[in-house]
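Features reported for this protein in TrEMBL:
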REPEAT    91-124  repeat 'WD'
REPEAT    133-176  repeat 'WD'
REPEAT    177-217  repeat 'WD'
REPEAT    411-453  repeat 'WD'
REPEAT    470-501  repeat 'WD'
REPEAT    512-553  repeat 'WD'
REPEAT    554-595  repeat 'WD'
REPEAT    596-628  repeat 'WD'
DOMAIN    649-783  domain 'U3 small nucleolar RNA-associated protein 13 C-terminal'
Amino acid sequence: SYAVSRRIEPFYKGGRVQLSRDGKFMFCPCGTKLNVIDVETGALRSLQQDEDEDITSFVLSPDDEMLVTGSRALLLRQWSWREERCVRSWRAVHTAPVASMAFDSTSTLLATGGCDSTIKIWDMIKQYCTHNLRGSSGVVHLVEFHPDPSCLQLFSSSIDYKIRIWDLGCSKCVAVLGGHFSAVTSLAFADGNTLLSSGRDKVCLVWDLQSRESKGTVPVYESVEAAVLLPKEGDFSQLGVKKQGLHFVTAGSKGVLKVWEAATAACVYSQAVPFEPKEEASEHSLTQCLLVPGRKELLTVSVEHNIVLYDAQTLQLKKQLAGYNDEVLDVKFLGPGDSHIVVATNSPQLKVFELATSHCQILYGHTETVLALDVFRKGLMFVSWVTVCRDGSLRLWRLRPDGSVACVARGLGHAHGLGAVSCSRLKESFVVTSSQDCTIKIWDIPESLTARAKAALVCSPETLRARVTQRGHSKDVNSLAVSPNDRLVATGSQDRLAKLWAAADCSLLGVFAGHRRGIWCVQFSPVDQVLATSSADGSLKLWSLRDFSCLKTFEGHDASVLKIIFVSRGTQLREAGSDGLLKLWTIKTNECVKTLDGHEDKVWGLHSNQQDDMVVTASSDSCITLWKDVTEIEEKEEQAKQEEQIIKEQELSNLLQERSFLRALGLAISLARPHTVLTVLKAILKEPDGKKQLEETIAQLRRDQKEAVLSFLVTWNTNSRNCHEAQAVLETLLRHEAPDSLLQYSGIKSAVESLLPYTERHFQRLSRLLQASMFVDFLWQNMKLAEVPQQEEMTL
């Protein structure tokens, strides 16, 4: 039996991300809920709204006490986020959704910019709207208070590309800063008199707030989504900061961070490109950048929903979280002790998750969607795996001792995109791939790779060449498997056939025919000479490797069975279907012992760890679920329950012997055994003063115990054998409980509805019995013989 141990699910689908002041918690909007993530462990909590409307904007106060969200329902909600409860909600007054929010430095004033071109100021202490600022053009997507609380000014920007300064004392726009020719994306205050603005017009402007004029223009040659000022204190020499002055970091369409000196408009540092130069930079562009003083780190958010934390002084990557995985196509356990999982999503990048911290490494290299991957289970030093891609290439990766991952080899040779891959089982000696060109290729892994791995050398990737190429099927090959002894290779195809091949020369050994539709997965048993196959016809089959006959067929799905694995040391089959269901089959009995509903869409990935006590599944619903084998735990719990049951039953028997009816009745109710409760009640009624004892015992029960007895007597009352006890208890309850009190009992309505017809039937039966008994008595009285005189008796 398996139970969910952990779920890796989408927690961020776009929008603004914010961190608490100490940097320990991160707030990410995700549809109708706002997720709170522990940055260190990746643990997730959710603030869920009552209505099914997306959150359009949110903000956390500078003192971390108040969190306010705005939704498409035009409601504002204030949350006590640590307690995960909504403190209050109110109408936003805006006629369109709120697009931006900001608190002032004292956490008392809240500004909301709406899609209706207005700005509202709210007093969060007295809970009322203080200002309604009109004059913006279109959506107000940016609002910021002046950092000096004594200077009551608000800065805003809308789709007219201008920055407006509002004086809250007179509720008027006192200045309009025009210098950008595209949307203004961020505002940063260097001090009370200097403002830095960034825009998608590929420039950053430095403004003098006293003269309200631009005093510098910095061309950055990319659309800028965020500009962050570097603090004056701190050593930023590794980022090219050599002298005093205004320096800032930009994040934009090129996907890298750059450090600029405002005085000279020069780029003094540019981050190395993390992805392949051939890839489009716009696919990895950054949408947000934040300085986290509490952690001395910089946070960036990418268009791919990846959240990265860098050391603020060196821009070295510290941690990375994947907010959204899209459709997950495959997943495998990885690393010493299965400490990581590697995930293939609907993108060219691979993601490697460290399970302890949720840290995610993103691996670049492929140019098209990665469809499948496999892991060498017995690597020499570290675990490596192979990915196959729609561009017809495969890559071999290795996990280093420090936890980083590097590509050590790559191969190219298939005419079409690759669809399946399988690695050798005994040692890292070869890889088998299949493609939409219906061919199978076996790739030998050079010994130099394992030698370099043993020496921990870092070199450029080697080129792999196919040793054998074989056309195996008439249609796409969907699945591959290598036998535990590395001598056999099995393939499953869309042509409804599975085939067995010799790994040495790829010669055909046998064909398994019997499925009615295409085969999705093939797997060798780890203990028997058996091959398992799953098909789009909804069935699983076990085949003999000796005579290629079908040994068993398992049918339980109404849809395609996409993945299968052997678990419990080869005695059970775990399979996943396109209906999102997971089933566990016992091979010996052909019985489905467990059906788990863990996903909402097709389950493409299924893998077990080396200890065979955990399983990971991945689905098109973007969720990755880790399942733990809880069979032993459940058996221990069941055994403990049975032992406790035996002890309580013995105690109950002793209480009945001692005529301690009240304790016996309470114990029987706690065991939730109606028959035992009935036995206790019968024992009470058999006493000479049973009626009185019953009333005293029932009166001393707690309300929840009386409710339990009431639910039991509904069942007793349906049987004429037990109706007398049921009616006695009912009479006691009606005599000693006030009607108002009885109406508060849970389930009283259904109980009365069930009791009335049977009680009426029992009354009618007893009435008929009484009439019949009176008739018998009448007959008896009239059938008595007349008294015979004494003389006649003597004569006789």
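Backbone N, Cα and C atoms are what each Cβ position is placed from, and that goes for glycine too.
If you average pLDDT over the repeat 'WD' (554-595) in this model, you get 91. Per-class residue totals from DSSP over the repeat 'WD' (133-176), listed helix then strand then coil: 0 helix, 24 strand, 20 coil.
Within the chain, the repeat 'WD' (133-176) has long-range Cβ neighbours (under 8 A, six or more residues past its boundaries) at 99-106, 109, 111-115, 117-121, 182-187, 189, 192, 195, 197, 199, 201, 207, 209, 212. Sequence-distant contacts of the repeat 'WD' (554-595) (same chain, six or more residues past either end, CB-CB distance under 8 Å): 1-2, 517, 520-521, 523, 525-528, 532-542, 601-608, 612, 615, 617, 619, 621, 627, 629. Counting residues per DSSP class in helix, strand and coil order gives 0 helix, 26 strand, 15 coil for the repeat 'WD' (177-217). Counting residues per DSSP class in helix, strand and coil order gives 109 helix, 0 strand, 26 coil for the domain 'U3 small nucleolar RNA-associated protein 13 C-terminal' (649-783). Below 8 angstroms of C-beta separation, residues 141-142, 144, 146-148, 151, 155, 157, 159, 161-165, 223-229, 246, 248, 250, 260, 262-263, 265 of the same chain, each at least six residues beyond the ends of the repeat 'WD' (177-217), sit close to that stretch.
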